[in-house]
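Residues or ranges marked as domain 'HTH luxR-type' by TrEMBL: 107-164. Summarising the annotation, TrEMBL assigns region 'Disordered' to 172-192. Annotation comment: TrEMBL describes 20-41, 53-74 as transmembrane segment.
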Amino acid sequence: MIGWNTANPRLGEREARRAALMALMIVVQALCAVFFIGDVLLDATEGSADSRWHLAFETVAAIVLCIGTLYFMVELRRLWVRMAQVNAGLRAARGEMFQVIDAFFASWGLTPAERDVALLILKGLDNESIAQIRGTAAGTVRAQSAAIYAKANVDGRAQLLSLFMEELLAGDSGDSDPSEQFKPSVAARSAR
C-alpha cells in the first residue's frame, strides 16, 4: 500500500532562521560583554579620579550587556522548546489525519488498490501519473477512481478532497461514523 508522506522540508524554516540569528546575537553580545568587562577591570586598576563617571558608565553598560546576553539565552531556549512543541504537534496532526483518512476508506469499503489510488488522488496526482506509479493502465485508474467516487458518494476529485479538507478544518467533532458525518452537504447535492 502506498504511504502517506507528509514531510515538508519548509516547516520551521522561519523559526530555525530566527534561532540561528538569536544564537549569533548571543555570541556577539557575549564577546562584547567580555570586552567591556576587561575594559572596566583595566580602567579600575588605573584609578584616576576624573574617570570615575566613565568607569561607572562602562560598568553599567557591561552589566546591562551581560543581562541582555542572559535574556537572549533564555529566549533562545524558549524558542527551541516552542519549535519542538510545534513539530510534535504537526507530527501528531499528520498521524491523526492519516487515521481519519483510513477510517473513511474503511467505512467506504475500499479495496487495497482503491486505497492506493485514493491516496494518490488526495496527493493531487492525475490518472496518468497514478497509472505510471502503480504500473497499471490509465483506464484501470479511471475505473478505480469512479468506484472510489461512487463508494464515497461524491461526483469527483474536488468533492472527494473537500471531504478531507472539511475534516481538517472542522477538527474533532465527536465519535460519530465518518461516512455519515461527511456525506456531501445539501448544498453540494443540490449543485449536482
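Just so you know, glycine gets a Cβ as well, placed from its N, Cα and C.
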I need to check the long-range neighbours of the transmembrane segment (20-41): which residues 6 or more away from its ends have a CB within less than 8 Å of a CB in the stretch? 55, 58-59, 61-62, 65-66, 68-69, 72-73, 75-76, 79
Which residue counts does DSSP yield for the domain 'HTH luxR-type' (107-164) in the helix, strand and coil classes, in that order? 44 helix, 0 strand, 14 coil
Across the domain 'HTH luxR-type' (107-164) the predicted model averages a pLDDT of 93
